Every structure is written in C-alpha cells, then in structure tokens.
Amino acid sequence: MADESETAVKLPAPSLPLMMEGNGNGHEHCSDCENEEDISHNRGGLSPANDTGAKKKKKKQKKKKEKGNDMDSTQDQPVKMNSLPAERIQEIQKAIELFSVGQGPAKTMEEASKRSYQFWDTQPVPKLGEVVNTHGPVEPDKDNIRQEPYTLPQGFTWDALDLGDRGVLKELYTLLNENYVEDDDNMFRFDYSPEFLLWALRPPGWLPQWHCGVRVVSSRKLVGFISAIPANIHIYDTEKKMVEINFLCVHKKLRSKRVAPVLIREITRRVHLEGIFQAVYTAGVVLPKPVGTCRYWHRSLNPRKLIEVKFSHLSRNMTMQRTMKLYRLPETPKTAGLRPMEKKDIPVVHQLLSRYLKQFNLTPVMNQEEVEHWFYPQENIIDTFVVENANGEVTDFLSFYTLPSTIMNHPTHKSLKAAYSFYNVHTQTPLLDLMSDALVLAKMKGFDVFNALDLMENKTFLEKLKFGIGDGNLQYYLYNWKCPSMGAEKVGLVLQ
C-alpha cells in the first residue's frame, strides 16, 4: 500500500502470507529497497525448529550469489569489470557478499533497531521505536489516485489472471510451486494446490484485477504475481474495510529486474481505486512497525518422517522408538458429538465465531457467506468439525487448513503434509480436549505435522499437547492505521 508519489524502485513488498515464513526467502537482496521482497516471506510454518540463524544466513547468501547472475550479467555489470584481474573481481564479489550478509532482513526487534528504514520512513506506518497510544489512520484517504498502471521493465506486461480458467490457474500453481517460499536452508517449499489457491484467492467480494500477474510479452510466460482479497477487520474498537495482501512471487531468474517493487506498487494502486486505504499483512521479517508478533509451534504427528527429512531431530538421550511413543495419539477422538461441519451448521458456526472473537483486539468480521467460504469442509483444503450435544445444539468447533510442502532433494520423501490451526471456538468442550481431538483427526487424515501460532488462547494448550516451539516469528502489520501494539494472545486473525 505504497504512497502514490514514491518511485517504483523503492517500494518494498507487503507480507504474504504475504506468504511469508521465514517462508524462507529465496529472493535477491535489494539494499535500496529495504528487502522489499523479503517481506513476503517467513511464515514460520516451514522451518525446522532450533537451527542457528547465523549459519542459515551465510548459507543462503552463498546460494543466492551462485544463482544470481543468470539473466542480467551483460546488462547490469559494468563493462570495465572484464578488464579487471580475476583476483580483484573475486575480492569485489566477496565484499559484496559480506555486505549483503550484514544487510539481510532483520528477524528480531534488536536487529531492526540497528537498521535505517529510509523507505518505510516515508510511508504511513509508525516508526519502529514509536510508542503509539492513539487509534486511527496515519494519513487521510486519497482523492487523486493514479489511473494508469505502473511501468514494468521492458519486455514485461500486466495481466489480471482469470483463475476460473484451469490453464491460467495451473500457470499460477507452477509459478508458486517453483519459485515461492522456501525455508532458509532450501529444504522445504510451500506447495499450494490449485484448489487451495481458489479457496484463498476467491472469497466473497474478490476482484479479478486484484489477481495481478506479470507476463513476458514475447512468450506470455507468467513470471510474477501478487494478490489482494477484501476483508473487514476489527481493530480494537474500530471496524474497517481493508485488504489482505498475499502471494507475492517473482520468478527466480527475474529478481534482479526489480519486478517485485512494481508489483507491490501496482496492487496498492488497484486497491486505492476501490476506495480502500488500509491493509493487513504478515511477515517473518521485522519492519516498521509490528502491531503484534506471534510464534509458530509444531506438533509431530509422524515423527519418523519428520526426522528423516530433517524437519526435526532426535532429542538428546531419545531413540526413535521412544520418540514415536512420546508423540503417539489415540486412534479416535474422545469428544462425544464431534462430526464434520455440514451446510446446516453455517448460521451457528457464524454466531459462535462472532461471539468468540470479541475478546481479541485484531480479528476478521465475517458474514454468513464468508463463514461458508472459509469453514465449509473441502477435501485437502479446509477441515471443520463441530461438537453437537445431546439436545442437537452445536456448542464448539475446530478447524485446520491443509498446506503441504515440497521436500527438496530427498531420495524417498517428496512431500510434507502439514495441517495449520485455523479458528477453534469452545463454549462447552474444554479447548485442550478440542485441540487434542484436532491432532487425532489430522493424524487419521495422514498429516505429518500440525502447526499452530501462539495467538488467541493457543498458549493454553501448546506445551500440554507436546507442540515444540518453532525458530521464527510472524509479525502482523497494518498499513495506514495507527494503534497500540498487542500481545500474541490478543491477535485473533489467521491468514493463509
């Protein structure tokens, strides 16, 4: 949601989810853009827990450098470089690499406090060290909104993707599958299915122009994407129409072309044209200024496989057999009346959700149509189970969505099936029992791991149900809205 007067090359990317995990970064570093592409990474859901950050960063920068120069070496390197001695070229390249490592995205508030954020200092967001006690927009809504699309580098063109066309949907799936978020060690990459993308990108009120693609003019190949979806957001005592920004992705070979900043700038312009001037997004990196910070936790369902693919490791003094026994679950759920959600449950699920979310400070506000879209079960996308008591009343529900990851370069295992905790509402069944049953159901459905953020009331069950803490944070951000920050337990919003 960048200011219209800024130049395109300075624009950073909102978060994805923005898919962002430490969605591992995989993007080229852009020091003058303040890591504009890194915002869209690091969700925290991919990374194996408890690895050291320093090792990851060096490894990642090395890999980036190896694959960096594909398309632009002739255009971007000064001609005089060829006349320098090989030793001198190596010295320069090493200095550039060391500089890049030192200037990588900040993963903690401490790291961020040592950075300058020249771009973000021009944007309608609070400064990192600012103490905010007020509520409201940082700047007023705009009247003069640019009517023409922003200019892409030569040879590229905009295309609003028609995801109702299976061929186009497959193109988007392929772009994300081959270029989207990886963990820091390049071991796992999110694998969004075409059906999941339709669920995530076409909720009630979706607009085709907000499925913003970039194609090569000559070949029509899809090489970039960013999306926005509408969302009514309740922030403290205010309800505001916003967008959620997601799925920023640029083809690996084009990351030196500065396509990502223009993508972000263009989606901002298109959102402004619809009269919306606030956005919510998440990122695994620290930018000015998080409204909340959450941490991913992981519960092993298939510990042998997770250890074999190095998602997790055997603890000291633990054998594989003891580990499998530690994480063993009951064969069936124990809550009486637990069953899959049906169409007839939509009104009561809507009512339960709306009441439950009132205790939190950052939440979605959904109507019945949106509840149907986000919660009605779809195989391999979203699972929702309700608890019906002896009187036929639905009193509780649990939900989790499906997001597998491709396992890179493993001889046996090709995919990691992960369940992500969505919204879980309890009025009669203890939350601990509800979530214990969620683990059992996920195990029965063949999931390898169950992931949950420490938001809402989740901290009350994570350790008791043998979740292990992940190695990265997920920051929540609001664009053009100022309010006090909140603890994770007051965040009541889950983005895909």
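The backbone N, Cα and C atoms fix where each Cβ goes, glycine too.
These features come from Swiss-Prot:
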REGION    1-81  region 'Disordered'
MOD_RES   S31  phosphoserine
MOD_RES   S47  phosphoserine
COMPBIAS  55-66  compositional bias 'Basic residues'
MOD_RES   S83  phosphoserine
BINDING   Q118, F119, W120, F247, L248, C249, V250, S256, R258, V259, A260  tetradecanoyl-CoA binding site
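Of all the binding-site residues listed (Q118, W120, R258, A260), A260 sits in the most crowded Cβ setting, with the most other Cβ atoms within 10 Å. According to its DSSP assignment, V250 (tetradecanoyl-CoA binding site) is in a strand.
Of the listed binding-site residues, namely L248, V250, the sparsest Cβ surroundings within 10 Å are found at V250. A helical conformation is recorded for W120 (tetradecanoyl-CoA binding site) in the three-state DSSP classification.
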